[in-house]
Amino acid sequence: MNSKLPGGINHYLQWARSQTSISFKKWNSKKIAFVGVLIAISVVMFLISVRILPISALPAFKFSFIGLPIKITGFVFGPIVGIITGILADLISFALVPTYYNVLYTLAVAVAGFVPGLAAYYFFNLNELFFSRKYRIYKYKQTVDFFKIQFSEALARENSEDLQYFSEKIAFYEVKIILLETKKKPMAMINFAFISAIVFLVLQIIIIVAIFSKLDNSIFEHNRFIKNKTFYVILTTSGFIGMIVFVVLYRLFLRKKYQTFIEIMAIITFCAILELVNTVLLAWADTITLRTDFWVNFTGQTLTSPVKIFFNLAIILPTYKVVASLIKSKEGDRF
């Protein structure tokens, strides 16, 4: 007989290992086929773009076309598969249409598959582990069983005080189980995703302001669109502030489709992270390969980051829902 009340980190880890939805599943032919299809789509999109607009063969432009399928692959299949897919897609596209090459371009595509995979684990798996009602229901059911055993022992001892105490505990936790099972809105998981997305967006704004406030005004004179540093910073940060407003309003008026809300928070977050990381990598690679100024490249690409994030969201979310429903058709919801 286990005389210890259920709970604690060991009990939690025991439950976590039993959850198939958050473990590494064996790969099957269906998953391998989907990864192959997404690699092919990224390469085909690049080849079509080159036919229509030859300048898209340049690495910085190429990333815009092959990046989306790579992000979807990482988001669905995890960071390791995302890295492998990104590297393969970049090397295959380069072999078909050789242009300028630098390992930083390949690294940028690999990161585009890695970060979405991490975001998926963070917003789905960790969120489920720490805030899903599943573990609490599991814990409370084992707690009820624990007190039932104690009740039986107290009954054998004919101890009326213990009988009263254990019966109250059993009733208390059974009520908790009923309340959790009938609760439809996963508040803890929603708030975790919401706060995480807001924090990452705020950090993005802080980093942009910190970087650009230290740059010389002469750098912005070479920018193709915005020549004034202050106006550039205001325009760029206002895009991210607009995203924060969108996230807050979405949270305030959220009434259903909670899983979709968490997915959107994850996509916005990893797109925001990638916009900063990949902008640095691509600007650095362009500086080395094309002999252009790093800060001119950096400022030119950062300006459109908020627009690209919303564009990515519009493409990735429906694609993810279709692919994930086919791959994970046997899994239940995360709440």
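Just so you know, the numbers here start at 1 and follow the chain as drawn.
Even glycines carry a Cβ here, placed using N, Cα and C.
Database features, via TrEMBL:
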| type | residues | note |
| --- | --- | --- |
| TRANSMEM | 32-53 | transmembrane segment |
| TRANSMEM | 74-97 | transmembrane segment |
| TRANSMEM | 103-124 | transmembrane segment |
| TRANSMEM | 188-211 | transmembrane segment |
| TRANSMEM | 231-252 | transmembrane segment |
| TRANSMEM | 264-285 | transmembrane segment |
| TRANSMEM | 309-327 | transmembrane segment |
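Spatially, the transmembrane segment (309-327) is not adjacent to the transmembrane segment (188-211); fewer than three Cβ-Cβ distances between them are under 8 Å for residues at least 6 apart in sequence. Between the transmembrane segment (103-124) and the transmembrane segment (32-53) there are fewer than 3 Cβ pairs closer than 8 Å, counting only residues 6 or more apart in sequence, so the two stretches are not in contact. Same-chain residues lying 6+ beyond the ends of the transmembrane segment (188-211) with a Cβ under 8 Å from its Cβ atoms: 122-123, 127-128, 130-132, 233, 236-237, 240-241, 243-244, 247-248, 251, 254, 258, 261-262, 265-266, 268-269, 272-273, 275-276, 302, 334-335.
Packing against the transmembrane segment (231-252) from elsewhere in the chain are residues 190, 194, 197-198, 201-202, 204-205, 208-209, 212-213, 220, 223, 261, 264-265, 268, 272, 299, 302-303, 305-307, 309-310: each is 6 or more residues past its ends and has a CB under 8 Å from a CB in it. Residues 59-60, 63, 67, 71, 75, 102, 104-105, 107-108, 111-112, 115-116, 118-120, 122-124, 193-194, 196-197, 200-201, 204, 207-208, 240, 243, 247, 250, 294-295, 297-298, 301-302, 305, 308-309, 312-313, 316-317, 320 of the same chain lie 6+ residues outside the transmembrane segment (264-285) yet bring a C-beta within less than 8 angstroms of a C-beta in it.
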